[in-house]
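*Asks:* Dumping what TrEMBL says about this protein:
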type	residues	note
DOMAIN	B:110-310	domain 'ABC transmembrane type-1'
TRANSMEM	B:42-62	transmembrane segment
TRANSMEM	B:112-138	transmembrane segment
TRANSMEM	B:150-169	transmembrane segment
TRANSMEM	B:181-202	transmembrane segment
TRANSMEM	B:233-254	transmembrane segment
TRANSMEM	B:289-313	transmembrane segment
Amino acid sequence: MLAFILRRLAQSIVVMLVVALISFMLFRYVGDPIASMLGQESRLSDIEELRQRLGLNDPFYIQFARFIANAVQGEFGISYRLQQPVSELIMTRLPATIELAFTSALIALVFGITLGVFTALKPKSFATAAIMTLSLVGVSLPTFLIGIGLIYIFAVELQWLPSFGRGEVVDLGWWRTGLLTESGRRSLILPAITLSLFQLTLIMRLVRAEMLEVLRADYIRFAKARGLSQRAINFGHALKNTLVPVITITGLQLGSVIAFAIVTETVFQWPGVGSLFINSVQVVDVPVMAAYLMFIAFVFVVINLIVDILYYAVDPRLRVHSIGAGK
Amino acid sequence: MSAQDNLTAPTAAPVAPKPPSRLYRIWDSDVFYSFRRSPVTIVAAIVTVTMLLAALFAPWIAPYNPFNPASLNLMDGFTPPMTESMMGNFFVLGSDHQGRDVLSTILYGSRVSIFVGLSATLFAMTLGVSLGLAAGYLGGTTDSVIMRIADIQLSFPAILIALLIFGVARGIIPPSRQESMAIYVLIVAIGLSNWAQFARTVRGATMVERQKDYVSAARIMGVHPLAILIRHVLPNVTGPVLVIGTIGLALAIIEEATLSFLGVGVPPTQPSLGTLIRIGQQFLFSGEWWILLFPAITLVMLALAVNLLGDWLRDALNPRLR
Amino acid sequence: MTEPVLSVRNLTVEFPTRRGTLTAIDNISFDIAPGEVLGVVGESGAGKSMTSAAVIGLIEPPGRIAGGEIKLNGKRIDNLSEKETRKIRGKKIGVIFQDPLTSLNPLYRVSQQLIETIRTHLPLSEADARKRAISLLDEVGIPAAARRIDDYPHQFSGGMRQRVVIALALCAEPDLVIADEPTTALDVSVQAQIIEVMKKLCAERGAAIMLITHDMGVIAETADRVAVMYAGRIAEIGPVRDVIKDAKHPYTSGLMGSIPSLTSDLERLVQIPGSMPRLSAIPKGCAFNPRCPQVFDRCRVERPDPLDVGDRKVACWLYDDRKEQAA
């Protein structure tokens, strides 16, 4: 078990290093850091001095090492656009994104699995046909259109829910949460639904496909032949086997919710890291782009690790070595 | 054809006196049979083809040329659908804030959307299939390097990858040329963010095929690896590649729309459906709904029709899922 | 004569396809007496497994029983509701499938699968069911059953897994065990052991066996009677010894001729020319007529029904006294 986790950890570090290299190259070679810091009219001697001071004349690997050392400490330089430390920018906006992402991940997971199981168990029912068609419509609807549609219906026409922003937030010192106030929770509903829909459809289709596959398996046939109840077969044997492979992909999907938040945050003017990123891309604010890339990669690596461990815990076949009985 | 034959084998037709024509065989094949049997798919195909043609011939069928400043008149602005403007111009789907005919902008806009979507998908397909073939056939380090990259990339949303590529390109390309290059940057960005699906599928099929006896035989006889890949392996992956390609096209169109909506896509002088929606959104709350609604409907119809085709294709080529 | 455990009369199973209805099983009849071992032999696609699926009510849609009846201990079971059928599966009829690697749910401990099955059919407490499960595993020859019962399927070898499958089939003391190619997926070295264990345990319990296989050798050693199936019909059915020594149906002779024998002085094995027709292309008249060495005109026109020849039934015009007139 420990060896397995250590191996996974090592792999994660390699991935992080690769992403760091990309971030660094981005940071170093896209746009001119000096020009963006000093402006156009600066003397050659100033430029040279700043180059020296920033270490831009050092060999590549030293610069890269310095970049990583800084990154580990959460130091990504100053935003060209906002003239603030990037880490500070990200940290103040992170809670908004995390609350949004977690809420929509939860929605996607609960409804995705339920609907997936239902449509797999009742493949011929009218409801299944309706759900499957709707899901295809859902996949064809771009996230931003769903957002605009929801805003139009629930904010403009019905005026039930706010159309933008986070509402009132409570500052817990290290975390500014919108979950503790009525207006904060109301503000969360539309963006969370918008963000969850795409993942929901994916998870649903995945669970359905996987479950249909499992229902055809020999051991399900054998379970039927032993006269087990429909319930025990569907919700015991079949569901358990369905969820094992689903865990991996679902876990990764949930990770991508954070990155997908870019679009949702833009539509709802949600003050998260996604909208920070999109604004940075528009003006090529490289330090923010590089830091965001590192941040997303970190999220993915952590989720990946959790998924692996979970997988290990759920599937006894992976544990064979620790028990040692072998084939 | 071999995949086709495998599919028809279990329910092969009774022995015919003489072999039917190729056209009849296609008509009679299981794939086409399922097409004829699915009215939704037929509608989707008609919609797709109509939209492709409309986009292709936009300059000839559009009632106005929305990008000719000479023919625009701000007095035409905000004309509701099916009404005549103050200037006496008639707009079927209304006009936008600059007095441009919405129907015409949609026709021109879907032209851009479809062009970018198709080019990006073809790019992703070419790249993905070649890398997948290489990985599956060569194995070893080539395989692990390519597939590692694909794995990492697949775990990130395509839109993020495309945004990054786009941002990098903005930093590298001199500002004077950004406008004219934007559409190609977009194609490359979307293409590069979608190749991994193709590579993964093709690699799997290639590895299965490589182990078969006839490939070993061909290899021993000294047939060039490229010839083996093209003649024996490629035909076996056309089915799945077609399915991924179709669904990928829908994804690419949506991705382009999203990027343009975010304001990092095509330049405003060459608006795509996404740009039109971005523009229309500004007027939604003031009551000029048609500026947003019609481009949005067009986009969804296009994506849905292509998705339906892809869905049907997947089921038809994989009868086990029926 | 005692009442048969299983009595199948004029059973027909059809598969509607878009190119017409395929008849997978065409009007077959046979009985199995209590404690008797009936071997069912034939090439793949002859309808052996379909027959067993029909008996346990597990024909995959769109296939359906189109005619005839199946009686278990004198009661019809082919027209029962799904719920009533479940009470028979596992309880009255135990089933052993071909591949022990895929018959067991990989995510459930062997103990869970046994106890679940036992408690579905017998009113036992968890602890009693567990005791019964251990003694069953013991009986099927799993060493240290009390310790190994909590292992997962992948921790057992193929042969051991098939023993577990046998234990599962015998959970509720069924009157009939249907074994569908129980040894095909196993190493040759363990095949004999598995057959031995199965036969011994069924004999102790007085359970009848329907043993489906394409291995004539297994039938010769195990079965009391044998049914030879060809293209969805029974070509010949009778006591094993008689059938092997003196096959009446030309197809059976061909089948016997293709078994290697130590005592036989034939130089080479006899082959039946051609192959069994697909269900979609079954010839008119006797299905075997295009391959039959003794074919005559009537065979090409009229389909033979099973005729009594001694204590056998043979579906061949050679044994019809009126053959000359009819032709």
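Just so you know, glycine gets a Cβ as well, placed from its N, Cα and C.
TrEMBL labels come from automatic prediction, so no person has curated them.
Are these features on the surface or tucked inside, and what touches them?
*Replies:* Remote same-chain residues near the transmembrane segment (B:42-62) are listed as 35-36, 101, 103-104, 107-108, 110-111, 113-115, 298, 301-302, 304-306, 308-309, 312 (criterion: CB distance under 8 Å, separation of at least six residues from the stretch ends).
Long-range contacts of the transmembrane segment (B:181-202) within the same chain, counting only residues at least 6 positions beyond its ends with a Cβ under 8 Å from a Cβ of the stretch, are 112, 115-117, 119-125, 127-129, 131-133, 135-136, 146-147, 149-151, 153-154, 158-159, 161-163, 165-166, 169-170, 173, 237, 240-241, 244-245, 248, 251-252, 255-256, 259, 265-267, 270.
Sequence-distant contacts of the transmembrane segment (B:233-254), counting only residues of its own chain at least 6 positions beyond either end whose CB sits under 8 Å from a CB of the stretch, comprise 1-3, 113-114, 116-118, 120-121, 124-125, 129, 132-133, 136-137, 158, 190-191, 194, 197-198, 201-202, 205-206, 209-210, 215, 273, 299, 302-304, 306-307, 309-311, 313-314, 317.
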*Asks:* State the non-local partners of the transmembrane segment (B:112-138) in its own chain: residues 6+ outside its ends, Cβ under 8 Å from one of its Cβ atoms.
*Replies:* 51-52, 55, 146-147, 150, 183, 186-188, 190-207, 209-210, 225, 228-229, 233-234, 237, 241, 245, 248-249, 252-253, 255-257, 266, 270-274, 299, 302
